[in-house]
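According to TrEMBL:
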- 30-97: domain 'Mur ligase N-terminal catalytic' (DOMAIN)
- 110-323: domain 'Mur ligase central' (DOMAIN)
- Gly112, Ser113, Val114, Gly115, Lys116, Thr117, Ser118: ATP binding site (BINDING)
- 346-479: domain 'Mur ligase C-terminal' (DOMAIN)
Amino acid sequence: MKNMTLENLAWACVGKLVWDGPLPQEEAESVVIDSRKAQKGSVFIAVKGERVDGHRFIPDVFEKGALGVICEELSEKPAGPCILVKDSLKALRDIAAFYREQLPVKVVGITGSVGKTSTKEFIAAVLSQKYRVHKTQGNYNNEIGVPLTVLSMPEDAEAAVLEMGINHFGEMHRLSRIAQPDICVMTNIGQCHLEFLGSREGILKAKSEMFDYMKEDGCVILNGDDDMLSAITQVKGKKPLFYGIPTGPAADMDGGCGEDGEPGMHGRAPGSAGKYDVYAEKIRMKGLLGSEAVFVHDGEKFPVRIPLPGEHMVYNALAAAAVGFQLGLTEEEIAEGIASTQGVNGRSRIVQAGEWVLIDDCYNANPVSMEAAIDLLLQAKENGSDSRTVAVLGDMFELGEEEKKLHERVGRCCVEKGADCLICAGTLSHAMYEGALDAAKETGSRPSGGIHYFPDRQELLAGIPDLLMPGDTILVKASHGMGFEEVVKLLLTKQPQNQKR
């Protein structure tokens, strides 16, 4: 790792070196916070977690050949060089920012209420057509994950794609200092983390902290169909670039779940083609097989195949195209990269599970992503399919005072859009259940498979097999804390009890 000697690390995190012997001059080979990953040449940062205190494992990492340790305290004389700091997590961030400064890599930072992970995958796939790309793995998008992602970046990386997630003010400012992005991508401003950020305006303010450490010659790329993002006229004196889908029947992406003339939960504000730097037209949805479209940039048109299903994936692919053009890729390279993008477990992953088709979207949920997932589920009916569409939905967290209303809206949306069966689980999801019942009563159209409610995940796991039939297409989605990966695991191994169609 370039310039990552213990002496430089101590300077970067304003720490005090503690060691009586000669100080090693070699550069660290890795920086870890998990003692199990420590090896010869590693620097171990001892972090006090909620359940485990990393300081307990300082002797262990030296036995494994660690180059040194960064810690807040020492209970005994260490077996190797240590750097004492006041705050180990701050030291982790400081060291990551220092390492980022050593590398001439182009960094793309991605944030937004919905679509960060899929957009990251599209951008990484596109840039991989020309560059050696390093990207966020798994859910490493917070104040621990982002610095670890940066610190795991190989020196020969030419581009890095970093997902950046927050739920409090000030967090994105700290992540921006670590990432120092050359390109900032913002996917949308939806209704999530309202408990801590208060409103969509608060969410926009918090996420806009990503621009704080953007490079002077940096570029901002925004979803031009988001009503709040499209109102941004400049960032640091520069006009943002916009992507989107122009107004028109072929490009109408809003499911219309708003009330009394309000926009739906997407907050869409589409405009004419001249509004965008990159846009899509002639969109052909192909159900769970994805979609095809024509992308337009600087008046030039080129065909694109988007392999991930759902209308929202068109937006994610457009963001990747905008980044690709900014970093010098050709239309052919961009189209090939988009077509090669693969899904991620728990993020709209399509799985053939015996007699069921499973849409595994269990990783997280908020009102915007719920509506997009319901839209995706209903695409199973395209091309004349007689598959029943079953939505298995759970609680959405961190919605603040609006949580009951927003859960009700999701339930109503599911019924109004025509799902064949709705299964709700969780304390907050009782409001979703009530919203669905109200919508069924008002429309006079109750889902053929019924509207069902379970108070918790365990009762759902016990009861769901009796509600499913062979051939069903099943969406599983909830906030991460609901643990709906257990529901996915059950459906991957269990077959329907009810054999009637």
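Cβ atoms here come from the backbone N, Cα and C positions, even for glycine.
Residues in the domain 'Mur ligase N-terminal catalytic' (30-97) partition by DSSP class (helix H, G, I; strand E, B; coil) as 23 helix, 16 strand, 29 coil. Taking each of the binding-site residues Gly112, Ser118 in turn and counting other Cβ atoms within 10 Å of its Cβ gives the largest count for Gly112. Sequence-distant neighbours of Lys116 (ATP binding site) (same chain, six or more apart, CB under 8 Å from its CB) are Ile110, Asn141, Glu163, Met164, Gly165, Thr187, listed in sequence order. DSSP assignment over the domain 'Mur ligase C-terminal' (346-479) gives 62 helix, 31 strand, 41 coil. Sitting within 8 Å of the Cβ centre of Gly112, Ser113, Val114, Gly115, Lys116, Thr117, Ser118, and not among those site residues for ATP, are the Cβ atoms of Ile110, Thr119, Thr187, Asn188, Asn316, Ser369.
Averaged over the domain 'Mur ligase C-terminal' (346-479), the predicted model has a pLDDT of 89. Taking the Cβ of Ser113 (ATP binding site) as centre and 10 Å as the limit, one finds 24 other Cβ atoms among all the protein chains shown.
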